[in-house]
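If you check TrEMBL, you get these features:
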DOMAIN    A:24-153  domain 'Cytochrome c assembly protein'
TRANSMEM  A:41-60  transmembrane segment
TRANSMEM  A:80-101  transmembrane segment
TRANSMEM  A:113-132  transmembrane segment
TRANSMEM  A:144-162  transmembrane segment
TRANSMEM  A:190-208  transmembrane segment
Amino acid sequence: MTLKNTWWKILGAILLVYVSIMGLAGEVPRQPILNETIRNVYFHVPMWFSMMTLMTISVWRSIQYLRTGDIIRDQQAIAFASTAFYLGILGFITGAIWGKFTWGSALPADPKLIAVEVGLLIYAAYFILRGSFEDEQKKARLSAVYNIFAFAAFMPLVWILPRVTDSLHPGNGGNPAFGKYDMDNQMRMVFYPAVIGWVLVGIWVASLKARIIKLEYNKLNQ
Amino acid sequence: MREILALLQKDITLEWRNKYAFNGMILYLVSTVFICFLSFRIKANSLSPVVWNTLFWIIILFTAINAMAKSFAQENQNRQAYYFTLASPEAIIISKLIYNFILMLFLAVVGFGIYLAFLQNPVQDMPMYILSVVLGALGFSGTLTLISGIASKAENTTSIMALLSFPIIIPMLLMLMRLSKNAMDGLAFSVSQDEILTLLGLDAIVLALSFILFPFLWRS
């Protein structure tokens, strides 16, 4: 446990403490309809960023597994995918609460909601696929193939569909860009650390999970 | 190349000898359309265009999943091991993709014909609708071929097949529905250009990935 390997965990934890305090107590601009719910931008939006990062790492680990056949890579792929799944559910819930107060409906028909629902379905199918094999290597190889294939089919849905259809989310109907959020500089001072903090803590949780899976695997194969 | 042709010929011959499976698929299409016909109790134009379109694609989707599910499962493990020694995985996946595309295109076109016969014809731009059916057949066959390869290795093949393919096919299905809805309304080609390009892109991604990933599947 040297500082060299743990600095990013400490950074992530400190950032989230800062975000929790500033996010709940800091100054936010008064916007019509949004009112105080604008604080949710510190918690809802970073969930999405963190989920995407973890999914990408998971797919990268699956590719590495297929190239090397190292079972540890596959354990990391499943750990990152399941953490991304929980972050997706959290993002979905925070979004539904936010939507209820601003759009008047928790689940409107919106391309981004469709995207996250499809993403959750894909990963649920991935977990069930893993459960249906006994042999470790076969399970690892087939689920790695599915993980890569599903990710490639999922990405266009996330990046293209919101751009060609109208969405309730800010900055949509054209290019979903940052500048369109109704944020002032003070909010950015909290928002960017929030994104970094959630991504780092997400990676931390996932790597802990990977270590647990590895220990369980070793125990089974003793 | 000759390897691919030989494998393709083998698949077609097999299908031709097992005509009951093929007739089964056609009967599946006819009875599904007939059930829709009866349950909606169609009088003239009582089905709204959106419902008409959605119903068509859902029928095609289910037919595709049923038809593609057996593309690897119909031959037993021993015979697959024999092919493994004879042919390269690339040749096998290409021949399967071509074969499934032909089969899917045939089923989709026949299904479309039956659907038109039973449930009227509100389509204004027929060539465009046919284009969306062709793109749909290409995309469905590309996606489902690899998925059926994965599912055939699992224990309960049919339920795993549906489970794995539904979420993956949703983006494609949404795009197809948009394109075919444009065709139904007879909108100009320029309106649907985005959808056609996106669909071609999706089909290209899916086909390329099937080609790259299949060797890993085949090895296990």
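The backbone N, Cα and C atoms fix where each Cβ goes, glycine too.
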Top stretch by Cβ pairs under 8 Å to the transmembrane segment (A:41-60) (candidates A:80-101, A:113-132, A:144-162) is A:80-101
Residue counts for the domain 'Cytochrome c assembly protein' (A:24-153) under DSSP, helix then strand then coil, are 106 helix, 0 strand, 24 coil
In this predicted model, the domain 'Cytochrome c assembly protein' (A:24-153) has a mean pLDDT of 85
